[in-house]
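Colleague: Handing you a structure now.
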Amino acid sequence: MIELHQIRPRIRSSMGGQRNGAASSSWLSQFWFSARRTKPLNPPHNTTVAINHPDGLTRRLGLFDLILIGVGASIGAGIFVVTGTVARDAGPGVTISFILAGLSCILNALCYAELASRFPAVVGGAYLYTYSAFNEITAFLVFAQLMLDYHIGAASIARSLASYVATLLELSPVFRGLPSWFGTGEEFFGGTVSVNVLAPVLLALLSVILCRGVGESSVLNSVMTITKIVIVIIVIFVGAFEVDVANWTPFAPNGIKAIFTGATVVFFAYVGFDAVANSAEESKRPQVCHKFQRDLPLGIIGSLFICIVLYIGVCLVITGMVPYNLIGEDAPLAEAFRSKGLKFVTFLITIGAVAGLTTTLLVGLYVQSRLYLGLGRDGLLPAVFAKVHPTRHTPIHSQVWVGIVAGVLSGLFNVSVLSHILSVGSLTGYSVVSACVVTLRWNDRHADDRVLSRWTSPWQEGVICLIVVACCGFATGVSYRYDGSFIFMIVAAVIAILSISALCFRQSYRDPPGFSCPGVPILPAVSIFFNIFLFAQLHEEAWVRFVVLSIIMVGVYAFYGQYNAKPGGMDDETIVYHSAPTEPTF
């Protein structure tokens, strides 16, 4: 016979298990509900920004400023290095590599331009678009991947800039013989620590300028960007007189594959035009009004076209001056002019590299702070990141945080060893933005008389098609990278074409107000395919980084983000910006 005291513990255990199971089920339900939340998309002319302070960011950036931000973010020292490095493999065909990569970026830029013109003119960029088109957790993951790229990239650029500045300083007798730990970096503890004093100092100076206001930082960016553009034009003009057209033969010495491989490498030389989209809240004329295009779309596309023209010019000059197999690896453009006895041009190239790195670093720090500001406002990060200085009108806390992170990384670690895990955030972010264009066109259709749930079959079917396109791009990229069967690539491409066809014929689309990306859904789908194709060309450690960081950030969201997020913005005060003017202002 079982005693009563033996039964009661079992009953308690059973009831406790039920409670724990119910609690676990409740937590998962809450997580699932929170993760699928979206941010309301208000019309651009009804833009509101909820913040804690009585004022928002200041609208001081015109079209010229936005174009220079895009050019400043994209063209760094890479124009003086990457062009020659890829030319050693692709030969004069490196010009085609840059054209192909530029065309791919144009696809991404058109998607950014549409979203920038139809969204409220506030900070956020890819994160904001994803929050409205998909859901909260996807937007949070996009932010995390982008932010890791920005942090490592800023630290790496700061160390490169410090090295160039130290080289210029040593031209003066006063600064000759600078210790390695000052500018180039000195390793300690078996290479675990690499001390660089100048890099954090440069980051601190740029952070102070950014904290003072967008006007001051825009002036510096404009001066430095114009300087490097002028230097690049001088390089192209002077080099054109040293070109020997015989050096352009053979045009593709290692075949077409080398040109396509080169395109996957030089694609990252264009990354940066998305910085214009993150300047929305400080743009004077951010949206499109009636038939007149406003500054954001023009800034995004205009800056990209300028970069394409400059890159093509440099490619033609360097491959025409020196036979492709004799182009240097470390400083190819400078060595090409030095071999022609044009030493004064090599000095200009060094100045151009310093200007290019400065603007790239400045814009990178600027974009990071605005992204942190957006997440602080939405509650996915602590509210301190949402604070804006009452007189400077800058997100000073976010800016200081970004400067500290980059300063620590650049001052203590040789972050160049992490360069092979970069660009993950850019490629995935661009892909998600392209998908946002497609899905938001569906939402326009559902916003009519037939109000359907986002999770009904048509929406799910469309998302599955987009995922299939991305998977086919990855499969094709992996097969191409590891010399897989050509048949396998053909099969993957055919499946992608079928998925795009399903998007075309099984969904209906409406052109949005303002700037409209042409060829939807074909153009965004092709953009996704090629972006993920390039993702497959990254180092395997980049794939691991993508998975590991995603898992970590899901955990952060589960224990912090889902409980503090405010998709509608912060609740204290609302700043209402005036709508864009109804008549064009030039």
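Numbering starts at 1 and runs along the chain as displayed.
Cβ coordinates are placed from backbone N, Cα and C, and glycine is handled just like the others.
Quick paste of what TrEMBL says about this protein:
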- 515-564: domain 'Cationic amino acid transporter C-terminal' (DOMAIN)
- 61-82: transmembrane segment (TRANSMEM)
- 94-115: transmembrane segment (TRANSMEM)
- 127-148: transmembrane segment (TRANSMEM)
- 188-211: transmembrane segment (TRANSMEM)
- 223-243: transmembrane segment (TRANSMEM)
- 255-277: transmembrane segment (TRANSMEM)
- 298-324: transmembrane segment (TRANSMEM)
- 400-418: transmembrane segment (TRANSMEM)
- 463-480: transmembrane segment (TRANSMEM)
- 486-505: transmembrane segment (TRANSMEM)
- 517-536: transmembrane segment (TRANSMEM)
- 542-560: transmembrane segment (TRANSMEM)
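Any idea what these are sitting next to in the structure?
Modeller: Long-range contacts of the transmembrane segment (94-115) within the same chain: residues 83, 86-87, 129, 252, 259-260, 262-267, 269-271, 273-274, 276-277, 296-297, 300-301, 304, 307-308, 311-312, 315-316, 319, 430, 433-434, 436-437, 440, 512, 514-518, 523-524, 526-527, 530-531, 534, each at least 6 residues beyond the stretch ends and with a Cβ under 8 Å from a Cβ of the stretch.
Long-range neighbours of the transmembrane segment (127-148) within the same chain, counting only residues 6 or more positions beyond its ends whose Cβ lies under 8 Å from a Cβ of the stretch, are 34-41, 115, 119, 368, 371, 374-375, 378, 380, 424-426, 428-429, 432-433, 435-436, 439-440, 443, 545-546, 549-550, 553-554, 557, 561-562, 565, 567.
Long-range contacts of the transmembrane segment (298-324) within the same chain, counting only residues at least 6 positions beyond its ends with a Cβ under 8 Å from a Cβ of the stretch, are 63, 66-71, 74-75, 79-80, 83-84, 87-88, 90-92, 94-95, 98-99, 102, 105-106, 109-110, 112-113, 116, 229, 232-233, 235-236, 239-240, 242-245, 247-248, 253, 266, 269-270, 273-274, 276-277, 279, 283, 332-333, 335-337, 339-340.
Among residues of the same chain six or more beyond the transmembrane segment (463-480), those with a C-beta under 8 A of the stretch's C-beta atoms are 260, 431, 435, 438-439, 488-489, 492-493, 495-496, 499-500, 502-503, 525, 528-537.
If you look at the transmembrane segment (486-505), the same-chain residues 6 or more away from its ends with a CB under 8 A from one of its CBs are 438, 461-462, 465-466, 468-469, 472-473, 475-476, 479-480, 521-522, 525-526, 529.
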Colleague: So are the transmembrane segment (400-418) and the transmembrane segment (188-211) touching or not, going by 3+ C-beta pairs under 8 A with a sequence gap of 6 or more?
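Modeller: They do touch: at least three Cβ pairs between the two stretches lie under 8 Å.
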Colleague: Cβ under 8 Å to the transmembrane segment (542-560), counting only same-chain residues 6 or more beyond its ends: which ones?
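Modeller: 31, 35, 136-137, 140-141, 144-145, 148, 380, 420-424, 428, 535.
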Colleague: Which whole number is the mean pLDDT over the domain 'Cationic amino acid transporter C-terminal' (515-564)?
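Modeller: That region's mean pLDDT is 94.
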Colleague: Out of 61-82, 188-211, 223-243, which stretch touches the transmembrane segment (255-277) the most, going by CB pairs under 8 Å?
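Modeller: Top-ranked stretch among 61-82, 188-211, 223-243: 61-82.
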Colleague: What residues in the same chain, six or more past the boundaries of the transmembrane segment (223-243), come closer than 8 Å to it by Cβ-Cβ distance?
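Modeller: Here the qualifying positions are 68, 71-72, 75, 79, 306, 310, 313-314, 316-318, 320-321, 333, 336-337, 340, 342, 345, 348-349, 351-352, 355-356, 358-359, 362.
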Colleague: Using DSSP, break the domain 'Cationic amino acid transporter C-terminal' (515-564) down into helix, strand and coil residues and give each count.
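Modeller: Reading the DSSP string over the domain 'Cationic amino acid transporter C-terminal' (515-564) gives 39 helix, 0 strand, 11 coil.
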